[in-house]
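According to TrEMBL:
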DOMAIN    2-298  domain 'Phosphofructokinase'
BINDING   G10, R72, T73, G103, E104, G105, T106  ATP binding site
BINDING   E104  Mg(2+) binding site
SITE      G105  site 'Important for substrate specificity'
BINDING   T126, I127, D128, R163, M170, G171, R172, E222, R266, H272, I273, Q274, R275  substrate binding site
ACT_SITE  D128  active site, proton acceptor
Amino acid sequence: MKIGLLTSGGDCPGLNAVIRGAVLKGVISHDAEFVGFRKGWKGVVEGDFMPIERHDVRGLSKQGGTILGSSRTNPFEGEGGGPENIQRMLDENGIDAIIAIGGEGTLTAARRLTDAGLNIVGVPKTIDNDLAATDYSFGFDTAVEIATEAIDRLRTTAESHGRCIVVEVMGRHVGWIALHSGMAGGAHAILIPEQPQSIDQICEWVESVRDRGRAPLVVVAEGFHLTDMEEAHSHKGLDAFNRPRLGGIAERLAPMIEERTGIESRDTVLGHIQRGGAPSAYDRVLATRLGMAAIDAVYARAWGSMVTLRGTDIKTVSIAEAVGTLNVVPDARYDEARILFG
Ligand code: F6P
């Protein structure tokens, strides 16, 4: 078979390890041929791809980013978009199947294309760990590691100055990175989108830390919002969907905390550093296993399926199970962490 690989959406440590796992398994077990579409669905819509040989994936599992490039192109839009055009492009180039590595948007598109008859298998990707039907996604462990190291460093400077530090981590819809890095780094409060809090409650946690002679450290996910929404909106306003604007939450919280508690406060936004660089050993192994399993799914002709981590096993589910619902932090996990706040 000739198999086309693509990486789409925001990048994520481990994408190259998936590509390596798929190519090695495909070549060694099935004598498969591979091409890589450049920049996600954009390469599919434009028929822009390159051959990938076994030697191209040598040493790739430790490399961050994606050798194929990525974009947020919608495959239903543009001149070469839509199932008929894409199928024609695949037929003309003798490409039998696509392995789409991506998050919610990529997999939703993959599902629609599969419903229209295309041969596609999905691999879940998100540092946010917000995809349903997989226990963990590769990239998450690396992001938590990077955030934890940053929190450890911020703690020493906070202690030196007796300041409150508010550190913002990624997590548009869910707070997994905040929860895990906050727990690992011993944060005094963890603020996540699933659990809105009042500014009074946050200040209570911060003051109780100060009263014990410590420097308060608050970890906030970018999608967190205050229950007293007016204050949250007063600085950045609402976005086009009438939701509080994303990002900048730490920048808004730090002055509010300082004003109410009198504790000098600073904010730090970790941003894309959480997505950059080499994947952790755990993510390399997970991504490699998912890449290999995607080849099994292709040879089983399990179109519309997605490979997934269940416990410690790699399984196959339908893409439909993975999209449309978010993998949110359960209340019990937050309550467990909350015991450590203040
Ligand atoms: O990969 C998901 C994510 O990390 C979100 O947490 C964040 O909001 C988003 O990507 C930002 O991505 P970009 O700047 O590439 O649009």
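A Cβ is built for glycine as well, from the same backbone N, Cα and C atoms used for every other residue.
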Those binding-site residues in T106, D128, R172 whose CB falls under 6 A of ligand 1, listed in sequence order: D128, R172
From T126, M170, R266, R275, the binding-site residues whose CA lies within 10 Å of that of E104 (ATP binding site): T126
For ATP: widest Cα to Cα gap among G10, R72, T73, G103, E104, G105, T106 in Å: 13
Assigned conformation of R266 (substrate binding site) - DSSP reduced to three states: strand
Minimum Cα separation from D128 (substrate binding site), reported as the residue among binding-site residues G103, G105, T106 that achieves it: G103
Distance, M170 (substrate binding site) to G10 (ATP binding site) (CA atoms, angstrom): 12
Using Cα positions only, nearest of the binding-site residues to G105 (ATP binding site) (T126, R172, R266, R275): T126
Alpha-carbon spacing, R275 (substrate binding site) to R72 (ATP binding site), which is rounded to whole Å: 16
Residues T126, I127, D128, R163, M170, G171, R172, E222, R266, H272, I273, Q274, R275 binding substrate per the record - widest CA separation, whole Å: 33
Cα-Cα distance linking R266 (substrate binding site) and T73 (ATP binding site), given in Å to the nearest integer: 37
Additional residues surrounding ATP, by Cβ distance to the G10, R72, T73, G103, E104, G105, T106 centre under 8 Å: S8, G9, G40, G102, A109
Close in space, distant in sequence - T126 (substrate binding site), Cβ under 8 Å, 6 or more apart: G10, C12, G103, E104, S137, G139, F140
Most Cβ neighbours inside 10 Å, all chains, among the binding-site residues G10, G103, G105: G103
Least buried by Cβ count (within 10 Å) of the binding-site residues T73, T106: T73
